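Engineer: Sharing a structure below in structure tokens format, with a few things to ask.
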Amino acid sequence: MTRNKYFILLSCLMVLSPSQGQEAEEDLPSARITCPEGSNAYSSYCYYFMEDHLSWAEADLFCQNMNSGYLVSVLSQAEGNFLASLIKESGTTAANVWIGLHDPKNNRRWHWSSGSLFLYKSWDTGYPNNSNRGYCVSVTSNSGYKKWRDNSCDAQLSFVCKFKA
């Protein structure tokens, strides 16, 4: 008889345990990223498209002054796809949009202004090239804003800022 009591007690505990944990899980608030108005969240960052046209250095400084960010670093294909969608959804007609990749020593060693490692690449066919002495990088509308081209850092382009949420 005692054996049956333990079996019944154990059975009840097994039935109640999963539902107890489930209720507690449902009570927890979900972690949501909040970004300032006009910016969009992706992963743990906020992204802000700026239609104004600035040089690469002016654009990066603008981003640093805005929520301690930088020109956008594109660290994966998924992030590149998000960036392309963000720019297209803005309705811009810009042919090129600055990103945070540059060659500060003009030696074809590319760096993200944020200090992120340069591991992912998405160069457009034939780029980077040496013909235009471009040491700053933009995404191009010809590729749906998914491919990169080097440009003169003095070119006046729209840009995207990236900052921690």
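Note: Cβ is positioned from N, Cα and C throughout, glycine not excepted.
A quick note: this is a predicted structure, and the numbers were derived from the prediction, not measured.
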Engineer: Check Swiss-Prot and name the cysteine among Cys46, Cys63, Cys136 that pairs with Cys161 in a disulfide.
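Structural biologist: Among Cys46, Cys63, Cys136, the record in Swiss-Prot lists Cys63 as the disulfide partner of Cys161.
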Engineer: Name, in the order they occur in the sequence, the residues of the same chain whose CB lies under 8 A from the CB of Asn129 (N-linked glycosylation site) and which sit 6 or more residues away.
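Structural biologist: Within the chain, Asn129 (N-linked glycosylation site) has Cβ neighbours under 8 Å at Asp150.
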Engineer: Once the DSSP letters are reduced so that anything not helix or strand counts as coil, what is Asn129 (N-linked glycosylation site)?
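Structural biologist: Its secondary structure by DSSP: coil.
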Engineer: For Cys136 (disulfide bond), what is the secondary structure by DSSP, using just helix, strand and coil?
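Structural biologist: SS state of Cys136 (disulfide bond) = strand.
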Engineer: Tell me which residues of the chain lie with their Cβ under 8 angstroms from that of Cys153 (disulfide bond), as long as they are six or more apart in sequence?
Structural biologist: Ser55, Trp56, Ala57, His102, Gly134, Tyr135, Cys136
